[in-house]
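Residues annotated as active site, proton donor in TrEMBL: 519. According to TrEMBL, the feature active site, proton acceptor maps to 563. Under the heading FAD binding site, TrEMBL lists 233. The domain 'Glucose-methanol-choline oxidoreductase N-terminal' annotation in TrEMBL covers 273-287.
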Ligand SMILES: Cc1cc2nc3c(=O)[nH]c(=O)nc-3n(C[C@H](O)[C@H](O)[C@H](O)COP(=O)(O)OP(=O)(O)OC[C@H]3O[C@@H](n4cnc5c(N)ncnc54)[C@H](O)[C@@H]3O)c2cc1C
């Protein structure tokens, strides 16, 4: 984040009906949907720049180009985590109009319907949430992914289509099927399969990434939305009204450090994501009283759940070298020194080629009940009726696995195969971790990132289940019919994970390398009135304060067993309906 000195005192410069704080995935959807009522005036405030001309956002294959840049990445880094051998992990977030929908892996993996039923909150069951996912999208069927009946949308601003697999992915999928994971039609959109492999729809259409910004730009640009970019929300102004409290205005800081205040006559909606939404609430005096007092912030609502319950999905990468050329994209990207320049030209000319895709290939969900039968931590853990020790029902997956279509991943993976080798990774992801983290304020300065502690692998079961997942994905590669004859060994060549046999063999790999899948969530969770850690009620209203809601990935009480963007789109679509209903 660009440092700026705060130099002015606030004055109300303008008043809107609704102020949406954060122009990311949820914020853009909410602003766009509220603006369908043409008499309503909406202000959408985004800390980062406009993304209209941000090539790294529009070109799906250049997603890494957004990272580490103070202008387009929040550069969140976790506190050291004991369960992960004291490591810190970089947790990038999009910082521009469109937010993390503009840097993400484009995967539309909705989770299972059961995930949302498990929230146990009125109006948020699987049927409701899947209906809103459908509303957000326009699905483009293809021969590979025709789309299950009744599941996909045809009118949403988000254009969604399938991916043409690289040859390595066809091989991995063949191996997945042989190793007990049947191919299921459209399984990542129906939400009914916990064990099988399939094709994943992506937020890419005709080579261009589609994002939440599309809800307020292009064909959906509307006169009644004012979009402010390069402006940071400091805090919500909460005033006494009658017997209660009401959010009446928002304090802002511009890039040059100038402060201002804008008024909200109806509602303020905080949509700054799972790291920044709790930070805005805390700066506004909404959070655990004792923690706020230590920072010199007056507490207006003592809500101890703000910033707690931080969840994510952790994943590991294990790389393999393959003997046959032409299966992966490595030759196009790493072997030819002019490769990337040629690919950029191809993309510029025709929106095609490697940079027009997100190079993740075959995907599967898996249940691990049988494989964990001999695991002491699994056997001895308490379980609720009908649930496994991770709290999952038989219709929910324990893990997800997929392959990359060349060497790559987060920037710590830098053993690029420039020597002419061909490589890919298996990625293994853990669902429903027991470990929980937190977001706290480092100070009341709105230009400082909050302290994020993901607390990964704090729980023995998380470690054991993810180690078993790695073992399974290694068996798929080393024993599966599609891949067993083309794998030369581990990559880089000194490593020996391709020879690992037991769960124990994989434990060090998990502790040393498990990283974020960027699914931060849960830090302003919804809940019932008897849950003291719930920040919001079922209508996303901040408890004890009128005219203030939170709507983004932070509201999930339990993170879905999928990826989080479609869940976030659904939350935002539903938030807009709730707000509109209350305005009547
Ligand atoms: C690298 C990466 C890869 C991912 N891959 C996938 C994937 O393939 N599939 C999938 O389903 N999910 C994926 N995700 C997760 C998914 O994108 C997020 O869960 C989702 O986009 C979160 O939406 P949000 O609205 O909660 O937050 P965001 O989209 O992050 O929006 C928050 C917005 O608020 C702005 N903001 C924050 N603080 C302030 C402030 N104080 N003032 C003003 N503005 C502020 C931010 O700049 C941002 O624009 C990925 C995420 C990342 C980062």
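Glycine is no exception: its Cβ is also placed from the backbone N, Cα and C atoms.
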Just how many other Cβ atoms lie inside 10 Å of the Cβ on residue 519 (active site, proton donor)?
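I get 26 for this one.
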Work out the three-state DSSP category of residue 233 (FAD binding site).
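It is in a strand.
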Would you identify the secondary structure of residue 563 (active site, proton acceptor) according to DSSP, in three states?
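The three-state answer is coil.
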Using DSSP, how many residues of the domain 'Glucose-methanol-choline oxidoreductase N-terminal' (273-287) fall into helix, strand and coil, respectively?
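In the domain 'Glucose-methanol-choline oxidoreductase N-terminal' (273-287), the DSSP-based counts are 11 helix, 2 strand, 2 coil.
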With the cut-off set at 10 Å between Cβ atoms, which of these recorded positions ends up with the most neighbours? Options: 233, 563.
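Its Cβ has the most other Cβ atoms within 10 Å: 233.
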Between the Cα atoms of residue 233 (FAD binding site) and the residue listed as 'active site, proton donor', find the distance and write it as a whole number of Å.
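Approximately 23 Å lies between the Cα of residue 233 (FAD binding site) and that of the residue listed as 'active site, proton donor'.
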According to DSSP, does residue 519 (active site, proton donor) sit in a helix, a strand, or coil?
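For residue 519 (active site, proton donor) - judged by DSSP and reduced to three states - the answer is coil.
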